[in-house]
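Novice: Under the heading compositional bias 'Basic and acidic residues', TrEMBL lists 10-26, 118-137. Residues annotated as compositional bias 'Basic residues' in TrEMBL: 97-109. What TrEMBL lists as domain 'C2' is 138-257, 269-402. The region 'Disordered' annotation in TrEMBL covers 1-47, 97-137. Look at TrEMBL and you will find 62-86 tagged as transmembrane segment.
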Amino acid sequence: MASVQFRARRAAEPEKPEPEHEKEAEQVEEPAAHVPPTHHPGHHNYDHMKNKFMNEIGHLPLPMWAVGAIVVVVLVLVGCCTFCLFKKCFGKKKKTKKVRERKAGRRRKADNEGGGEGGDKEEGDKKEGEGEEKEQEKLGKLEFSLDYNFTDAQLIVGILQAQDLAAMDMGGTSDPYVKVYLLPDKKKKHETKVQRKNLCPVFNETFIFKIPYTELGGKILVLQVFDFDRFSKHDVIGEIKIPMNSVDLGQPMQCWRDLENSEKEEAEKLGDVCISLRYVPTAGKLTINIMEAKNLKKMDVGGLSDPFVKIVLQHNGKRIKKKKTTVKKNTLNPYFNESFSFEIPFEQIQKVQVVITVYDYDKLGSNDAIGKTFMGYGATGVGLKHWSEMLANPRRPVAQWHVLCPEEEVDAALKVPPR
């Protein structure tokens, strides 16, 4: 009964109006339900890929600055590769053009030598090209003097100075000296002192060749300018060749001449000498044993030589003592096995030089030097190695083969103080 009465009371009550904000919400939401949504597939895919990429980067173990650096490096590498390909493609075309020009020049030269048409014109072009090359390649010039003493049968050669020499060293300079000798014998050679780092050196040195005037006409005087190098072979800057039959020696002459390219000659093999060194520091005793020599240069007319060895001991560039072996007749492979002792205190051994010269004995004239070498202070290569091994092994003999060098080269090395 109670429930029936409650229901009757609810039915009799008037309905409450709904809140206005609920109605407005329904009104706002109803039109949205009827409008169809606009879809942009491209924009959606881009956002999706961007979000995915950023999420992947966020999950990387590297920091953002490292990722940026990697990207920059990759871009730089790609740019370099592109530039190299571009340069190679265009450079190849230029190179091909140059090659064509060279080939065309060679063909013209061949046609000119073969006596083809237009030979006179091509010959003129060739001479102009040679003249340009000579103008470009300037080696410098040398001033010298010549005189002949008829009373004493002496040719007097003066080396005065040089100018504008070619730079042979890395620093744009040279260490020039001049070698003077007569062809074809080359027996006696003179050389000036080395002028350090000077392209316009002044020498003012005089050299004398004792030679009869009747034999002088068949000789050629050679003045060679070298660049001295302590650690390698001396480079030829240029040379002057003077046929003596073209010179009037009735009066002294003095002139300048341009240096010309020197013809490269193979290094003449002079032979080898085997030497044993032994030093006892407590006694201050140096023992030098000249053991043997081999493959010596032929100095006599019969194709042999009469060799002997001269030993010169120097301290601070001054000669202290000199000794020599016996002469071995008619052989190019002499066996000596002769020992010589020198007293040198331990405090002086570091400044000592041992100069070894192999001579060819001559009864009538002066003995001709076959070759030379030296060890000790200022030496390089084998000479320095042999000396160092002797000092490192006191009281023990140390033997070593030495290659003989031209006398003038060794003398030049001895004159220059070590650096």
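Each Cβ is built from the backbone N, Cα and C atoms, and glycine gets one as well.
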Novice: Which residue counts does DSSP give the domain 'C2' (138-257) for helix, strand and coil?
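Specialist: The composition, in the requested order, is 7 helix, 61 strand, 52 coil.
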Novice: In this predicted model, what is the average pLDDT of the domain 'C2' (138-257)?
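Specialist: Computed over the domain 'C2' (138-257), the mean pLDDT is 89 on the 0 to 100 scale.
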Novice: Could you put numbers on the helix, strand and coil content of the domain 'C2' (269-402), residue by residue per DSSP?
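Specialist: Tallied per class, the domain 'C2' (269-402) gives 18 helix, 67 strand, 49 coil.
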